[in-house]
Structure formats: C-alpha cells, structure tokens
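Okay, so here's the structure we're looking at.
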Amino acid sequence: MLNATSGFITSGVGNYTTDMKCTWLIDVTGDHATRYDPGADANALENSLVRTGNNGPAGSKSAISRQNGNGSSVATNFVQRNRTIRLRLNRFETECGWDHLYVFDGDSMFGQMIAAYSGALVPELAGETVSDLVANSGKAFIHFYSDAVYNMSGFNISYSVDRCPDDCSGQGTCDDQSATCKCKHGFTGDTCNIPVVTKETGRSSTATLMRIAGSGSGVLLQGRAMHQAVVFNHSMWVFGGKFFSSAFTQRRHLEVARYEFGSSQWSVVQQRGTNIPPNTYGHSLVSYKNSMYLYGGAHTFDSNNVTNALWRFDPARLEWAQVSHKEARVDCHLPTPLCPPVPAVGHAAVMVNQSMLVFFGHHPILGYLNMVQEYRIGSVKWELVQTRGAVVKGGFGQSAVYDERSQQVLIFGGYHSTGNAGSVVDYLYSYRPSTRSWSILRPSGIHRYLHSAALLDGVMLIFGGNTHNDTSQQSGDRCFAADTLAYDVECDLWQTVKIKESPNVTQGFRRFGHSAVTYNGSMYIFGGFNGRMLSDTLKLSPAHCEALDKECLSFSLLHGTKCIFATGEGCLKHTLANLRGYPQKKGANCSLLKHSSLPINLTQVCEKQTNCRSCLHNSFDCVWCDSTCAHKKCPKHLSAAVVKVNASQCLESESLACDKLHNCQACHSDERCAFKKSNGCIGFMLSDGNKTERAVSEDLRAECDTHCSDKRDCATCTAGQSSGCMWCSNLARCLETNAYAAMFPLGQCTEWSTGRCDRLYCSRIRSCRDCLQHERCGWCDDGSDTGKGRCMEGANNGPVVTGVDVSQVANGTEQMGATCIAPASWNFITCPACQCNGHSTCVPGTTECVQPCANNTHGPNCERCQKGYYGSPINGGACQPCMCNGHGLDCHHETGKCNCTTKGLIGKHCEACDNTNQYWGNPVDGGTCFYKLSIDFQYTFNLSHDDPFTAINFMNMPPRVGHDVEFQISCSTPALVNISISFGSPEPSGEPRGGLLQVSPTRQCGSFKMPLSHEEFKFGTRNATLYVHVFNLSTPAILQVAFSQHRALDLLQFFITFSSCFLSLLIIAAVLWKIKQKYDLYRRRQQLFVEMEQMASRPFAGVTVELCPPPYALPPQLHQPGGRPTPVALEPCSAGKAAVISLIVRLPRQDNTSAVPSGQSGIAIASALVSLSQLGGKGQQNSIRDSELQGHHKGDCWKPNTNVGTCL
C-alpha cells in the first residue's frame, strides 16, 4: 500500500514475466483537504459528496459567513472532499487485449473501474501522451494481470495528489486550491485541450478531425463503448453501450442520450413507461420513418445473455415497445432447425427499403455467425436469407453501410475465427439485397474490427478500430487505431486519409467500439474505448473539392472525398457534378486513382479463395482451376486443369460453406455439412451414377459434445487437453477460446484459465498468504490469535457483500452476506503476525509458534501433519492417522497415500497387489503380496535409496514330480529370510490356502543355497508352494533369487551314456577320415588331368639343331653369313618390354670327348629373362655388333657378359 502524495508504479526492469499478477493500493484519505467552492448551494454541496467503501460519506460540508465590502454578510460554502489521485502513464506496453492493467477508484476491485489499459499506448508517436487518470475517492486500486503467451516491456506510471489534470495541456493555469484548470482564451475542457470553434474557418484542402466541446446543458455523459447511434430530426441519438461500473452499480435499463447538432447540447432522454429494455451492448440500431429499431446485443449485467429481442422506440413519445415475431416457431432447437431471429452480439444492421438486414455477429453456442437475417417491418416477419454468389465468412465487430446509388451493402473488416483461435481481417464484402447475392471486393490491406464506417458522397470512410492481430509475439499492430481509411465505391480502391494536423486535439483519438453517424457532410464519432470509456465527440470532415487544385481527381481520395474536374467550374464534388449535368462515364476516372491507392497483391487474394463461387464472384479477375483459385490464368502445374470463369459452371460440392463454420453446432446447422474432430466441418456432397448431387445423410453426423457455454464450473470447462474452452473466473463463465475477443474486448475478464482451477475463488482458499495473493480477497481472522480465519471477497476497509459469490455459482448456491467479527480482524494488505494455523499460539512479542504444535502437527507454523498422520492442518484443519493395513508406518502428509514397506503393494492404503507386475496375494487383514518366480530362472531386484521398502516376498510352485528343489538367494545388505511351504492350490489372489509350514528357521540373508528334497515335500503331487519372506531390509539393496529343480546324479547311467556317446563319436570320426582320403585322391587326379590337357594345348614347332664335333669352333669359312646363336623360343611379356628366351646349349663332355656321362643328356634347353628394349634399338636389330665380336676370344662366347644380348 502506498500512502505518499507522489510516487511511481512500474512492472520492473526489462520485460515483465508471463503468467503473473501484481497489485497496488494507493490510499491518501488520511489527510483531507478543505476546498473553497464559491456560490455552491446546499443542494450542490450535497450532490458533490463522495461516498466510498462501506463507511458512508467521505466528506462533509459547512457554510461560513464572511463580510463583503459593504459590511453585509455573505454565505461562503466550503466542502471537505477526498483528495484526488492523478495517474500519468509515462510508458505503457503490454499484450493488446490479454494483459491488462485495471485501475479502480476505491480500495479494491469492487470499486468503480475507471480504466483497463492494454496494448502499446505510449509512446507511439513523438511527444504523444495519454491524459491523466483521476481517482476522486482518495484511493486507487491497481491490478495487473499477464497471461502465459508472451510478454512485453511493461509500464511506468507516476502518481500525484491534488494536481491539475494533464498540466492543463499547456493552455491554462492550475488553481492549486481547487486543483482545476483555468483555460486561456479560445480553449475549454477540463484539461483545456478543446479549442473553442465559433465558425467555419474556410474551406479546407485536407480532411480535418477535431473534438467538439458540448455546451448549454452542462450534462456530462458517462463514457461508453459498443453502443449505437442514429440521426433523427437533426439530433444524434445514442442507445446503450458498455459502461465501466462497480460491483454495486450495474446498469439495468437502457440509457438513451441525445446530441443536438445545432446547439451542440447533450441531454439524457427521460424514457416513459415501464417497458424499458435492459441495457445492452454490441446491439444494432436502425431508423425507419418515425421509429428506431434496436436488435440483439448482450446484457451488461450478464454478458452470457445474448438476446434476439427486437425493440421499437418512438422518439416523439419517448416510449418503447417490444416487437414480437408474427410467425414465431416453437420447434427451434439448436443445432437444427435454425429459426430467426437468431441471437447475436457484435453484428451489423442496415435499413434497405422496408427491411432491416442483420449481418453476422456472435452467438454463444453457434459461435461466429455466417448468416444474413432479414426483418420486414411491414409484414412483421423474420427470415434467414438463402444467399447466392460468393461464399463469405461472418465475424464479429464488422461495419456495414448501404449505398443507395449502387444498391449494395458494404461490409468491412471484423474478427473471424480460425479454429481455436481468431484473427482480425481486412475483407470487404458486397451484398445486393435485390438479388440476395454476395461478391468479394478489394481488401484494404489494413485489418481492423470494432471500427466505425460512414458513407459520404460515394466514399466509405473507416475510422479507428482494433488492428491487433498478434498471437505469440508483438509485430506492431495497434490495439487502438486513430487512422482513417477511404474506399471509393465506384472504383473499388482504398486510400489512407491524410488528416490535417492542428492544435485542436493532439491525443485521445485512438479508440474502438465507438459509434459514427453522418450529418451535413461530416462524420460524427462518439465514445469508444482506449483503455478508458470515452464520452467525447469527434467531427471528421473530408476536404472541400473547391479547395483542391492539382489534386482534384487523382488525389482527392487521399483527403477523404471524391472530386471531378468540370471545365469552367473547376474542382467539384462528384455528386454535385452529376446534378449539374456534367457527363461521367462509369470508371473513366478510376485509372487516374489507381497509382495513388493502397497496393494489394491480387494473386494472393485469389489464392485465398477456397471455393468456386468465391473465386468467381469478385473483382479480382480470378479463375477456378479444378480445386484451386488463381489470378487470371491457372499456374503451370495446373495447365491441364478444367478452367472455370463463370460461376454457373461451379458444382454445388465446390461451393459449400462448411469450412466457414468453426464448431460442431454451427456445422450441423447446415444439412450439407458434418463435423469431424480430426478435420473440423467438412462437406458431404455425394455423387451417384447420373452425376447428380445430394446432401449428407444423418447417420454421418456425429453427436456434438457439450458446448463450452453450457459448462458451469471451471473443472468441467477446462477438462481435456483439447476442449477448446477457457474459464473466466471473475464472471464464472466458460467460453470458446476463439470467442475471447468477441466476448471480452473491453477487458471484462480480469483472469482466465484453460487448466488451473485451484485458488481462483476466495472461499476455496484456506491460508492467509494465498488469500492475500488473490486480488479480490481479504482475510478475516477469528480473533483467537492462532492464525485461524477465513478468506472472503473484500476491500481494504472490510469484506464486501455483492449479492452473489461467483465461487458458489458452480454449486448453485448464493452467498447473501459476508461479515467479519470486528474491523480489527480484517486483513487486506498483510496477514496477522501470528500464523500457527490454529494449532498453537505465538511466543509473546514474536511471530514464532510455541512448539511442539498440538493436534499431531509440526512445522514452524504448524502447517504439516506429523509422521504417521495426514491431512491439511492449514487454518485449523485436522490430521488423521495413516491407514496402511499394517504395511506402512507413514503416508503423504496431505493426501494420506501410504508409503508401503513391502514391495509389490499398491493403493492409497496398501490394500492391493500389483498384479500387472506379477505380485499376487491379499494384503488386507494381515496378508501380504508375493512375487511369482518361475523355475530355473534367476531374478535380480534392484531397490534404490528412495524406495521405502523393508520387505519383499516370493512364491514358487515346483512343477516336476520326483525332482529336488534348490533355493538360492543373495542380498547385498543385511536382511533376514525364512522359507515356508503350503500344500494345496493357492487362492485365486495368490494367497496361501490353509496354514504355512516353516521349512527353515529365520536366518541372515547374505548369500546361500538350500536344497529341498522331493522325498520330503513331494513336489508336483500335492500342489506344494514355497513362500520366501525377506524382511528387515534396508535400501539401497540388490537381491538375486532363484528356484531350480533337477534329479539326483546316477553314476552307472552316466558312464553308460558317456561310453556310448564316446564310441559313437570315434566311429563317426573314422568314417569321415576315410571319406576325406577318398575325396583328396579324387581331387589330385582331376588336377593332373587338367594340367596335362593344358600342356597338350600349348603351341609347338620343330627346330633343326646343328651339332658339331669337337673342337667346338668351326672354321670361319663354315659359318653362315651373320650366323650366331639364336633362341629356339621367345615368349614376350604382356607389356612388350621384356621376354623369356630359350636356347639349346651343349653340356660339358667327359674328358673333352664327344661322349657324355652315362645317364645324362648332352644338350639342354636354357631360359632367361631379357629386355627387349636393348635388343631392339635403332640400327641394332642384332644383339651383337661385329666390332664387339672382334674384341672377344672365340672360346669366350659362352661366358656371361654385362651387355645383355651381345653374347649368348
């Protein structure tokens, strides 16, 4: 709580965190200021008293006599008012529409709400500021809520007490005593920010936007948004709207206000009679002849109550009458049949001839409506129009105007659903009432919803709106727009209007949810929302064509008008030119405007069309290629597609609107559509043999789940991962996630959830600490000084009685009152010092609880149950003993779930065995669970340190008759084990049947084996079952356990078997050895045959050998010319560079005789590897030159020579 007269509030350094709440309370009521109010009479003073909280008047009045200059006595009135707190936003940037800063004039969220800021407010433009926010009660309660999507830089807000607002905008001086501004000449308003305009200052060449100062009546209207206004008899009539209010001042009846254009006076209309409609917002309003018709909307006191009521207002008699449907049906139950009038909020309506046309809107169950409703005033009949042409998608917050010249209704913008989310669009639709057909016009490229639209001389002007389209990160879209768009109806072109900058208003234009009417060539804008509810009136005037020169035609749309250049008369408004007879060819001047209009990618626009009719009913020159829309011609990959350029060629299956219906109930309202959870709403147009089409049969329609709006509590609303619902806690309402922007565009939902339901309501919170963290709650101490109390809705000065506690709505009960024992027992900012939860008292002079705590509790604040007990001892709660069936000593201190000490036991009270993991038995009434072991397998159990187990049990039923059983176990930590046996089949649960016979005494586990004789226990014949109990176990531990069953060893049988096997192996080995021998011999023979065959296939030739008797050297004359030894064979290698040559040589003789030794040959063939490169050189075909031969002795030819080939 802040008590200083000045200071600041900030979200901190850097971006704030997601999913957070912060709350501040500024209270300066401890110091009242007496202010002089000259000329105030008693009644005025009485009306000026400020009441706050539950303590009655916060001020008082008195009259003091003083003497004037003539000596006479004059009554001087003083009034003691609460001090005013002014908040100034120095920096503010949060997620638009989702992260809000709420400001209340009072000490809690039950005070008068005066602001719900979100978005990027300051700074957006250089030098831009937001006007000060004033809390007149001397208290300001500020609460910030951020959701879990994304965060931004946050805010920095300064506050001061009794300061003039906005420093008088620099156009006045501040009276410190009264904290009011004294404006300079030519300015008026509380902050001196409105210039006094006495007459028109001339014809402007640019569009102007100015704030109008009301005068005469002195009525100060309350700010509002999502209201409607019409012009009747030179006055603007304003109906209903959403108001900021407190929990005690909900507006019940519709308010009607009137603004007279001539006198600039506001007045609140005093309606007559008792049949006054409830106050609504998001409704529609049209005027016809001498009556006004108000349709639909949501009630301000119950936003879930969207109505279909039609009311007629008589402005002459100031009376209301509800209009009943002449042919109302009683069998209209959703989803079918769908009967008009369908309840709607955020729709648009226009009057065409004698019919009121209602477009789109939002329905609590059907969601975003995709329909046109028509009400014929003459016949008093409603009708759901069966439209033709393009298939359009409806939404929330769009605008609609009727152009009598072209006889079409123009619908622009809106908020559309996209699955579980939504998006702001820039679509422009044209609806022709005469043919009941839709067409799609050029989009603006600048999306928005909750804007206003007006038609002036063939130009549709769009002002303000919400353009925020971000979902997971900030991209710069503004939450509140102040720009103006102009659309040329004839040329189908858009332009952003250039507004003249003037000192009349420099701030406060940004808004959405306002109303707009046209009067005398200007657009009048009233109210709206920009974080605050606005009550000002703006006047938007397009430029005068006469003031335009060079920009007459090509740039007139830039100034919000449409002009024609007339020879001899200059620049004229195009409607005036028509009246004066200047001929104009339709569309002749549009080409001059295209280069200055807003650009748009028509290729992308065509590609967005999803059905044939929408593709061909537009102004973009689109063509339909099988199932794709393209601009002018089909893409190359669809060149073979059947091209359709006329909507009459479209099949009905290509023109369904099923994809425009986002939920099951809306989908089933069309008999040609069916809803599938995996695919959404899809069309079922089936073709039979003769190519005709028929609708889906009823058996293909799945029954819809309960709609979000029919769920009445948080748990039901948010159940399921893909429920698509969200719960608004302060309004106790469930809605679709894509409906948030339509249902709560003004920040009505202060906290929402898609999965958390705990601690949303005061009555469900049990501790003081958690209670005070909730922005709506306070703690009522019971006076025992032990910390006991209860959490209640309330304010700083005490609990609040609102009539209904929203936390009790889900249970169907109402809390009609809330009291606390004494004011000293109420805590709203801090908890009582002693917090022992009713189980102890504090040591005198301290906040420490006396120990030990009583009632089986412990902890510094006695906030936990002792070991062996469970429960919630918070705020006097009881602790109960743990119920574990003897298988556990303690349990979870809150839930009571036992920590079972025997492995395999499950359940909150250890009452069951874990059958899925093969644990069987009955742990109730002294029983336990056993793990079923298979024979001849070893099992390992690893118990971690965190496991609470001290015991584990096993069971095994040996299956073989006449076989002994061996039990083996190994424990890594000390433990005890015993073995028992039972006879007879176990119970179905695994529990032993009959008594247990102990097989062995209890012993240390360690590691051991134990044989069990089949002769003693007759395994397999009497269903004998062995049970093993391991206990006194400590973790961590590793256990290995196994049961095995086998016969005793027979030596005679063993040796006979061994000998037989051994002899058999020897015989087999001998046979195999003989087979191998035979096979090897066979292989050698086959190889010899192959070699001989290869030798026989070699080339051969004969050679003549000259054998000379000794001496070896012949006489020269006997030699042939050039004769020398030559090889008998030459075998070149594959590369051709070397070869193997073979020569015949004579072997040495015995004793130089011609005879050779007995048994030897006299000649032999010798081979050598030689180089062919040296033998074949140029001019050396022979290997020995004559000159070289001469240098050798004849007897040395046989000797080796280093020069290869010179002598062989």
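Start at 1 and count along the chain as shown; that gives each residue its number.
Glycine is treated like the rest: Cβ placed from N, Cα and C.
Automatic, uncurated: that is what TrEMBL annotation is.
Of all ranges given (49-70, 1171-1192), TrEMBL attaches the label region 'Disordered' to 49-70.
Cross-referencing C853, C879 with TrEMBL gives C853 as the cysteine bonded to C862, criterion being a recorded disulfide. In the disulfide annotation of TrEMBL, C174 is paired with C164 out of the candidates C164, C192. Ranked by Cβ neighbours within 10 A across all protein chains shown, the disulfide-bonded residues C174, C862 are led by C862. The DSSP breakdown of the domain 'Laminin EGF-like' (834-881) into helical (H, G, I), extended (E, B) and coil residues amounts to 3 helix, 12 strand, 33 coil. For the pair formed by C853 (disulfide bond) and C865 (disulfide bond), distance between Cα atoms is given as 10 Å, rounded to the nearest Å. When the Cα atoms are compared, C865 (disulfide bond) and C164 (disulfide bond) turn out to be 58 Å apart. Look at the domain 'EGF-like' (160-193): DSSP puts its residues at 6 helix, 12 strand, 16 coil. Note on C879 (disulfide bond): other Cβ atoms within 10 Å of its Cβ, all shown chains, come to 22. Same-chain residues at least 6 positions away in sequence with a Cβ under 8 Å from that of C164 (disulfide bond) are, in sequence order, C174, D175, A179, T180, C181. Distance noted between the C-alpha atoms of C183 (disulfide bond) and C862 (disulfide bond) is 63 Å. With all protein chains in the displayed structure included, the most crowded Cβ environment within 10 Å among the disulfide-bonded residues C183, C192, C853, C865 is that of C865.
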